[in-house]
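Heads up: the structure comes next, in structure tokens.
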Amino acid sequence: MGRVKDLILTFFNNRWLVFVAAMWIQSCAGIGYLFGSISPVIKSSLNYNQKQVARLGVAKDLGDSVGFLAGSMSEILPLWALLLVGAVQNFVGYGWVWLIITGRAPVLPLWVMCLLIFIGTNGETYFNTVALVSCVQNFPKSRGPVVGILKGFAGLGGAILTQIYALVKSPDSASLIFMVAVGPSMVVISLMFIVRPVGGHRQLRTSDASSFSFIYCICLILAAYLMGVMLVEDLVDLSQTIVQIFTAILFVLLVVPIGIPLWLTFSSDRRNPNPNPNEESLLPESEYKEPERSEHDPNEIIFSELEDEKPREVDLLPASERQKRILQLQSKLAQAAAEGAVRIKRRRGPHRGEDFDLTQALIKADFWLIFWSLLLGSGSGLTVIDNLGQMSESLGYDNTHIFVSMISIWNFLGRVGGGYFSEIIVRDYAYPRPVAMAVAQAIMAIGHLFFAMGWPGAMYIGTLLIGLGYGAHWAIVPATASELFGLKKFGALYNFLTLANPAGSLVFSGVIASYIYDSEAEKQAAQRHQQITNSTSSFLTKLFDTDDALKCEGSVCFFLTFMIMSGLCIIALILSLILVRRTKVVYQNLYGRTRA
């Protein structure tokens with residue numbers, strides 16, 4: 001009996017169980033991606049026009065990205081309480097919308113509907129915060145893969161929820177809103193005591209590499225499966241039995257990863273819990289501290305002088321030789337300081353790689369380089385996502401849903417791949433992770449050019465490149481922030497950085513893209529109006545003078561927009577490379593010694 005209790009405790013305290021549960025929670029955190037399916041129901045039920053629906057969309061984008069409150073509360077509340085707050089917000093926000101749509105509650109003004117959509121979607125930020133904070137603490141030396149997989153499942157959440165809704169096939173279209181209100185809340189509440197830090201840095205296993213490989217295989221199979229299912233269901237009228245089989249296979253793929261913590265609990269790896277004596281350190285810089293430090297450690301006192309006096313070629317030396325040269329320089333500076341030859345400057349606040357709070361991070365150039373690079377890169381990507389329907393219509397495509405589905409899948413693969421390849425960069429080469437972000441932004445710049453030119457097949461190639469690049473940002477940025485500014489206040493730091501997403505969307509999509517599109521549409525409408533006026537009676541002129549005439553056709557509708565977006569991605573690339581140059585020494589210190 002005692003052994004059974006022991007195994008149960010070991011299972012529930014296994015960091016891989018936390019990771020798998022966090023993946024399931026993130027699968028429910030894609031509510032914002034379902035807005036395109038929800039908005040037609042709201043529009044028809046409440047007789048909204050397109051401008052009113054667009055305002056609900058802005059509220060959705062803000063709720064999806066403004067997680068500052070969730071980040072601040074993560075420093076006060078236990079993580080299970082944070083998940084509960086998010087579940088309640090999700091249930092109340094979308095539950096109230098469902099009551100209004102079905103006539104069970106009185107119709108409210110538009111601004112109140114926007115508030116309800118904001119509250120419901122904002123629940124996602126609590127799910128994201130808890131999942132990321134827990135797992136980067138449990139896997140401090142595998143932040144890239146962990147963040148990439150978790151953010152990938154968040155991006156795939158919309159497709160997963162859509163497939164589950166296809167299983168229901170309710171004649172009442174408002175039932176989708178009911179499912180969004182109830183389903184994620186139930187899943188999160190059932191898992192809220194599992195997703196937490198469990199001292200995962202002490203659970204290093206020789207099997208971890210194979211476990212990550214298994215998860216990556218599941219991710220690739222899941223993405224390919226959902227892509228195939230979406231295409232089949234879109235092109236063929238399937239029976240309900242086939243849909244049930246497809247959904248059952250989806251559930252199997254989602255549940256399969258639970259085999260990892262089960263296997264670790266009952267395998268021989270459990271009986272030899274620490275085959276590798278080196279546990280992962282929560283704070284990277286602690287590895288490199290001396291075991292004993294006096295109250296006036298000269299290494300700490302003359303840090304600023306060391307940075308000023310250190311020759312540039314020292315950073316290019318192997319890790320062991322570099323450390324030896326730095327120690328020699330420290331010794332000389334300490335002796336000079338004792339003789340009064342140099343003035344000692346004490347540096348206040350943490351150094352890069354240590355724990356920052358938000359106010360300390362906000363005065364650092366590196367933090368703002370990350371923020372502006374993310375704003376330009378992800379903001380331009382979100383412009384594509386928000387305008388994908390109009391883009392495909394302007395180029396003559398009738399079926400816009402296929403591109404929405406495709407960019408969702410590529411977004412998922414970009415997040416998973418961004419975490420994987422950025423981890424190779426830092427692990428194998430001790431090179432700054434932001435170089436992966438620069439590569440993603442270069443890919444996006446090329447994708448925007450394809451959209452701008454409107455070449456044959458541009459929509460397919462563009463969605464591929466933009467989806468991969470946009471998704472990669474959300475795997476690379478959180479991992480980079482945790483490495484440069486620590487884990488202690490990671491929730492607040494991450495949620496501040498996510499503000500770049502709605503800010504970029506508001507300016508690039510809400511101002512630039514919409515203004516250029518409307519201008520081109522008005523030019524085309526004026527030309528059509530002139531042609532009709534010259535060839536028809538005044539009665540036909542009035543007949544054709546409708547809002548439909550304001551639609552824009554051809555690649556000219558978005559040519560200037562995406563040329564601008566491509567330029568912005570190039571600026572983001574330059575900012576990322578500046579960050580690479582500034583943090584090269586930091587990453588050498590964090591990862592260079594493990595290679596040596």
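For all residues, glycine too, the Cβ spot is worked out from N, Cα and C.
Pulled from TrEMBL, these are the features on record:
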| type | residues | note |
| --- | --- | --- |
| DOMAIN | 15-261 | domain 'Nodulin-like' |
| TRANSMEM | 16-36 | transmembrane segment |
| TRANSMEM | 79-101 | transmembrane segment |
| TRANSMEM | 107-127 | transmembrane segment |
| TRANSMEM | 148-168 | transmembrane segment |
| TRANSMEM | 174-194 | transmembrane segment |
| TRANSMEM | 214-232 | transmembrane segment |
| TRANSMEM | 244-264 | transmembrane segment |
| REGION | 274-304 | region 'Disordered' |
| COMPBIAS | 286-299 | compositional bias 'Basic and acidic residues' |
| DOMAIN | 361-523 | domain 'NFD4 C-terminal' |
| TRANSMEM | 367-385 | transmembrane segment |
| TRANSMEM | 400-422 | transmembrane segment |
| TRANSMEM | 434-453 | transmembrane segment |
| TRANSMEM | 493-517 | transmembrane segment |
| TRANSMEM | 558-580 | transmembrane segment |
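Tertiary proximity for the transmembrane segment (244-264) is limited to same-chain residues at least six positions away from its ends with a CB under 8 Å from its CB atoms, namely 11, 14, 16-17, 20, 23-24, 27, 160, 163-164, 166-167, 205, 207, 211, 214-215, 218, 221-222, 225-226, 229, 233, 270.
Same-chain neighbours of the transmembrane segment (367-385): 61, 361, 391, 407, 434, 437, 440-441, 444, 447-448, 451, 462-463, 466, 469-470, 473-474, 477, 480-481, 484-485, 493, 496-497, 500-501, 503-505, 507-509, 512-513, 561, 565, 568-569, 571-572, 575-576, 578-579, 582, counting only residues six or more beyond its ends whose CB sits under 8 Å from a CB of the stretch. Here the transmembrane segment (16-36) touches the transmembrane segment (107-127). Their Cβ atoms form 3 or more pairs under 8 Å, with each pair 6 or more residues apart. Between the transmembrane segment (174-194) and the transmembrane segment (558-580) there are fewer than 3 Cβ pairs closer than 8 Å, counting only residues 6 or more apart in sequence, so the two stretches are not in contact. With a cut-off of 8 Å between Cβ atoms, the residues of this chain six or more beyond the transmembrane segment (214-232) that come close are 145, 149, 152, 156, 159-160, 163, 238, 246, 249-250, 253-254, 256-257, 260, 402, 405-406, 409, 412-413, 416, 420.
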